[in-house]
Protein chains: 4
Amino acid sequence: MDYVSDDFAPSNILSCNDDSEDHPRNLIPELCRQFYANGWVTGTGGGISIKYNDQIFIAPSGVQKERIQPDDLFVQNLNGEDVIIPKPEKKLSKSQCTPIFMCSFTERNAGAVIHVHSQEVVKLCLLNPENEVKITGLEMIKGIYNEKKGKFYDNDEELIIPIIENSKYEKDLVDTFKIALKKYPSTSAVLVRNHGMYVWGSNWKTAKTQLECYEYLFKIAIFKKIHHV
Amino acid sequence: MDYVSDDFAPSNILSCNDDSEDHPRNLIPELCRQFYANGWVTGTGGGISIKYNDQIFIAPSGVQKERIQPDDLFVQNLNGEDVIIPKPEKKLSKSQCTPIFMCSFTERNAGAVIHVHSQEVVKLCLLNPENEVKITGLEMIKGIYNEKKGKFYDNDEELIIPIIENSKYEKDLVDTFKIALKKYPSTSAVLVRNHGMYVWGSNWKTAKTQLECYEYLFKIAIFKKIHHV
Amino acid sequence: MDYVSDDFAPSNILSCNDDSEDHPRNLIPELCRQFYANGWVTGTGGGISIKYNDQIFIAPSGVQKERIQPDDLFVQNLNGEDVIIPKPEKKLSKSQCTPIFMCSFTERNAGAVIHVHSQEVVKLCLLNPENEVKITGLEMIKGIYNEKKGKFYDNDEELIIPIIENSKYEKDLVDTFKIALKKYPSTSAVLVRNHGMYVWGSNWKTAKTQLECYEYLFKIAIFKKIHHV
Amino acid sequence: MDYVSDDFAPSNILSCNDDSEDHPRNLIPELCRQFYANGWVTGTGGGISIKYNDQIFIAPSGVQKERIQPDDLFVQNLNGEDVIIPKPEKKLSKSQCTPIFMCSFTERNAGAVIHVHSQEVVKLCLLNPENEVKITGLEMIKGIYNEKKGKFYDNDEELIIPIIENSKYEKDLVDTFKIALKKYPSTSAVLVRNHGMYVWGSNWKTAKTQLECYEYLFKIAIFKKIHHV
């Protein structure tokens, strides 16, 4: 295990070439700023992890997500062993969502996993005491990937997303998360009641665009529930 | 047909002179970032096409709209034949809205067409089972162009916008879209239930400002329906 | 009367010294971008005018407000005579709100007047069939200037804002606007039903901050009406 | 007492080294811009104070919060004596919240205090005639610090936040504020009915992230009250 090298200090990242825009050390801080602006990761909430070659890049825990720097990230391998960690003087700890992130990588072969403290998810679950949400008849369903069929949904198919109950500690969600993955082999997201959502995809682009589609669909679903239409 | 030349690689665009701000290769990425910030083209949804001289510039399909680059665009002529396409290594495909875009160019002599996955449109159509929306008595109606009369509406005129039903594939909307154009010769927009809106104008400015006026009017229309005022 | 000199072409403005940040040619474009981001001047709606020495600077009519350039402005004297106008090739016309702007300058000795197509105003007037809005008991009332008493309101005073009915043309609002000014000598704003709001102050800062206070107060007033609290 | 030196004129701040990003002269203007964008300090409302070594940095009163400059701040010591004040030609006065800020520094050993004119707080208090707000069962409670226990809340604990009544002048809130601090030793925030909120933490980061958590929690609490879920 190594500490992050000076190559990934902010000053170097800023001068890196164009191709590296897609490197997780650049992408994760940028995406977190975008998610913060959408209200999805305020108050240190939420998290993100991206697989890059055989390395898993993970955002730190309990920090302002819109201020993450490239050298704040943790890197571990697929066995969960640390490869590179931030310099000790930064006093950072790895995201508490790490066990769930790893679960998505190993059980679903995800390329990226995002955790958001979405108000829409909390509101929708408040209106929906069942352990799943069903959505149908909206064009935006086409943006969601059916993991079982290996293709995006048609807009005349029914989307079913599991809801699991919240736990006292993030790590205690792993068991019910795994059960939801098995019971809902098509889903690319799991909602956590009173808490938020985990969403993943084969790469960061499909994870992010699905997150946006889910948020859109949930806003409409809340509107329908409230106004009985 | 040609592949996009290196003249339109991002690095060159950034150094181009002021006049070219209005070139579709600059405008389309800029407008898409603005529409994304408004929540109109999230999750790869939506699209835009601008006519420039005799060339039709079209955004790519299924990509993050806020990250489109100048050299990502497709260019075809008015007969629908490709003139310039993005480099093959970009693996981009032309917007699935292309048949509807072309329909607006040929049937209405549009200069620009915008497609948005607007939540306001979806909500308004949910509250409105009819196949048209009627709006009256609001100042903002003045911002909508009456295509039949060849002038902007007065604020004491009634605005009627057609709603068509959604289809499984975007291309299958063409027939009902054409019928709506004929039945509503005044309209500069067609709503697609559970999906979004197409709006066009004689140039990109009137297409964009009408989009903004429609969104404003729909927000008020939803408020009126919900609160019975 | 002169056409705008090259001194106010965008390239020169950008290199001007710090003090000129408060010059209307810089302020008006900047404030319009801010108002646009707040949804107050979308779809070419709204307008602004600032008095500077004895010159009245006025935004152009029917243009995208977030894209106004320093050399797009009209300048007239207090008698309404043109002093400097944009170059003819820009094909710009003066704001249709000009008669109302001038009315605020002459009747109330305003230093700046802002017109917004605020959705909050439209919604509040829909909920309020009376010809005035009364607001009381909120801290933010302290941000509103009582023009009659020549001081800001206390938070235990009642704020009364007149509503006038909309007209077909902006210029036809002048008569009822003047009547409202006389009937409500304390007010620094007039609401126009189904349309928006005019708000003014002794300088651009008090006009803008009062606009923000009114918007805040109207959002709370709508909430109270809707939820009966 | 000194006037602010030229070392803190904007031009010097811009060229300062990285470490000084956390200096209150940079942080306060930056945070105020962020709070303004969230709608928390519009119309000159709100305020912020940060303790740095033994100096208390305080934002000016009655100004546009998104336009504060580094050399606009007041500095006093823990006894409330002025140490550095802005140049007289700026005509600035110290935040009217200063007595409450000082109260948080002395009674709770805060490192930073934020005052926001939050619409969520006003709405929640309108729905809640009691003199306290109770929130339970939401993950985001984990972001709130229990000042009595000296640790962050668990998500299965009940959060109780005191509401005090508004007064005519900000300084007259001090007595009831102090009573609330004593009656609610766990709280890190006090709500002021029809007005807004004071929130503090051991440093600016915990003050800001708790502000975000409270706002999130209040939005959900309002949703639950309105929709009876």
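In case you wondered, yes, glycine gets a Cβ from its N, Cα and C as well.
The record from TrEMBL ties C:HIS115, C:HIS117 to Zn(2+), and of the options C:HIS23, C:HIS195 it ties C:HIS195 to that site too.
Straight-line distance linking the Cα atoms of C:HIS195 (Zn(2+) binding site) and C:CYS97 (substrate binding site), rounded to a whole number, equals 13 Å. The two recorded residues C:CYS97 (substrate binding site) and C:HIS115 (Zn(2+) binding site) have their Cα atoms spaced 8 Å from each other. Minimal Cβ crowding within 10 Å, among the recorded positions C:HIS115, C:HIS117, C:GLU139, is found at C:GLU139. Proximity to chain D, defined as a C-beta distance under 8 Å, is registered for the following recorded positions out of C:CYS97, C:HIS115, C:HIS117, C:GLU139, C:HIS195: C:GLU139. Counting only the Cα atoms, the space from C:GLU139 (active site, proton donor/acceptor) to C:HIS115 (Zn(2+) binding site) is about 24 angstrom. Filtering of the recorded positions C:HIS115, C:HIS117, C:GLU139 by Cβ separation from chain B (threshold: under 8 Å) yields C:HIS117, ordered along the sequence. Neighbour density for C:HIS195 (Zn(2+) binding site): within 10 A of its CB lie 27 other CB atoms from the protein chains shown.
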